[in-house]
Amino acid sequence: MSTTYLTVRQRASKLGSAFAMFRNAKSIAGLAILMAFVLVAIFAEQLAPFSPTQINPRARLQPPSAEHWLGTTHLGEDVLSQVIYGTRGVVIVGALTALIAMTIAIVVGVLAGYLSGWRSEALSALANVFLVIPGIPILIIIASQFTNPPLWLIAAVLGLLGWGWGARVLRAQTMSLRNRDFVQAAKLNGERLHRIIGVEMLPNLMAIIASSFVGSVTAAILGLTTLSYIGVIPVNAYNWGTILNWASAQGAFVQNQWWWYLPPGLCIAAIGVALALLNFGIDEYVNPRLRSAGERARAMKKKGLDVTNAVTVVRAHQTSTENQ
Amino acid sequence: MTTTDVTEVVTQGTTATQAAKARAKVPWRFLGQRAAFYLFTLWAALTINFFVPRMMKGDAVDNYLARNREISPEAADALRALLGLDSDKSMWEQYVDYFGMLLRGDLGVSITHGLQPVSGVIATALPWTVGLIGLATLAAVVIGTVGGAFVGWKRGSRLDVLIPITTFLSTVPYFWIGLMAISVFSVGLGWLPIGKAYGVGQEPGFNLEFILNVIEHGTLPLATIVIASLGGWMLGMRNMMLTVLDEDYITVAQAKGMPNRRVLWRYAARNAVLPQIQSFALSIGFIVGGAIIVEQVFSYPGVGKMLLDATNAKDYALMQGGFLVIVLAVLVANIVADLVYAVLDPRTRQSEA
């Protein structure tokens with residue numbers, strides 16, 4: 001009802017406030033790095049100088065050169081092209097897994113938070129079971145069942161196993177929202193359940209959803225590259241973990257062929273940094289103390305005060321005046 | 001205060017003594033809830049463990065036959081019966097049998113280890129894993145929590161740099177840090193051995209030479225796990241400290257002249273550590289998963305490497321046994337975290353009242 005009276009500008013500002021958590025330097029830097037990787041994944045064909053599987057017997061294990069910017073593998077494949085094509089698997093699995101995990105997490109978490117009594121407890125116990133059971137061993141066992149598991153299947157398994165944390169955080173936040181005045185007022189107005197959850201509560205859960213989403217993407221990328229590295233995911237679908245699998249199997253780490261193992265690892269790290277920055281940004285938006293604490297402490301230091309000793313400093317000052 | 005009041009106080013106790021009595025009371029409701037949760041989780045894990053190998057294509061015996069050709073079809077059938085793979089039983093009967101065997105501690109036999117009982121194979125691998133992953137996790141939690149408390153206390157100082165650095169390290173997969181450690185410290189500098197739990201030709205025994213050898217081999221994998229998992233603990237503790245340090249009771253404690261050290265550890269850190277313990281309980285499964293891969297990277301003869309080898313060889317009994325042990329270890333760690341939490345936070349014990 002109430003939204004029908006909103007003007008266009010009010011709507012725009014409402015939409016804008018939903019993205020306020022991304023409007024700080026850390027979040028923007030993180031998003032920029034992520035976008036760069038997504039673009040690389042989309043335009044892999046145009047960007048890669050070679051096919052990732054193009055064998056060249058005359059250029060094996062070459063260090064970086066003008067022709068092969070990141071050198072070549074034991075078969076003469078171009079490492080740069082492999083890294084570029086490898087971005088696809090990582091981006092697809094990361095996004096798909098997080099979508100699946102967050103869909104389950106939002107449904108279970110918000111329901112568990114909104115309901116009360118045994119239903120809430122049962123849903124919460126379910127989420128905790130998925131949190132406690134170690135995922136990687138299950139993934140190893142499941143992935144080994146398939147000779148050639150497609151990426152969507154890996155994403156589905158990662159997502160089905162990885163929603164527990166998001167559901168838990170969302171439940172806690174929903175429980176605290178449930179008793180706030182505006183939700184109670186909506187209830188008394190006779191608003192329907194889906195409207196209370198969708199219009200009243202969900203906007204207040206956006207920051208937590210975003211932060212859980214980022215966490216899911218991180219976990220999915222770590223899971224995918226780890227499984228690819230140990231070789232339970234087919235070696236023909238290139239991603240950064242697969243490259244490391246090949247490099248490790250061919251002894252690149254022992255023979256110090258750094259151009260082969262360093263780039264894929266640094267790419268995993270770079271995407272990890274982007275996601276961590278994004279998470280820092282959201283965290284500081286949700287809990288402004290995290291940002292202000294450091295700023296306040298530095299401001300106090302400028303005035304010659306010690307932040308850990310704020311109270312005693314004042315007393316020391318008093319005693320010194322008494323002595324005079 | 002009249003005499004009757006005094007006798008009343010002596011016989012019945014003040015509010016403080018009542019609180020002390022309440023503390024001694026066993027919180028049955030809390031314990032019951034937790035026990036039910038753990039039993040349910042255990043059942044869920046065991047059921048997954050039962051069904052996953054049965055959904056697979058091709059069984060372990062086919063795999064075994066491919067490697068040992070001189071086995072007759074009768075012997076193959078006998079082997080199937082021995083491994084519980086005979087197909088004339090219904091799924092439900094197999095499920096009941098499976099739990100019966102688990103209760104007797106019978107995990108079947110391992111095809112890749114010359115038909116040795118799985119429990120024996122696991123028993124040789126388990127001490128290495130408990131030693132390596134247990135120690136590493138404990139070290140990471142202690143260093144991260146103490147470090148995070150200190151960084152939070154010294155907010156705004158140069159120590160803040162530690163937070164992005166450790167967070168960066170925790171976004172990189174465990175195995176890559178392990179591989180980098182090998183290439184730098186083992187291959188590049190030659191300081192530490194590349195892998196395995198002890199050197200070739202070393203006879204396991206309780207003597208100084210062997211122990212030193214084990215420590216030398218364990219340093220890199222241990223350091224890898226600590227470095228990779230430190231960030232989460234440090235960030236979590238520091239964020240919680242920043243919130244707690246703004247509380248009024250901290251200001252009051254400082255205003256009445258309490259030594260800073262006591263304010264930091266007994267007032268701020270003790271309260272900030274509570275969510276830490278909860279997140280320890282919940283993330284232990286994730287950590288163990290990553291640590292398993294570290295065993296693979298360093299060819300460390302623990303349960304994780306055993307599980308991977310068993311999976312590659314389709315040795316289902318050993319695979320199930322390995323998964324079971326990992327789940328049990330995670331559940332035990334959770335129970336310990338629950339107990340520590342109950343000791344540190346009186347509110348969980350008083351939920352009865």
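Cβ coordinates come from backbone N, Cα and C, glycine included.
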Quiz item: With the ranges A:7-29, A:122-144 to choose from, which does TrEMBL describe as transmembrane segment?
Solution: A:122-144
Quiz item: the transmembrane segment (A:122-144): which same-chain residues, six or more beyond its ends, come within Cβ distance under 8 Å?
Solution: 105, 108-109, 111-112, 115, 154, 157-158, 161-165, 167-168, 171, 223, 226-227, 230, 232-233
Quiz item: Short question: which residues 6 or more past the ends of the transmembrane segment (A:258-282) have a Cβ under 8 Å from it?
Solution: 21-22, 24-34, 37, 61, 63-64, 70-71, 73, 79-80, 82-83, 86-87, 90, 94, 207, 210-211, 214-215, 217-218, 221-222, 225, 240-241, 243-244, 247-248, 252
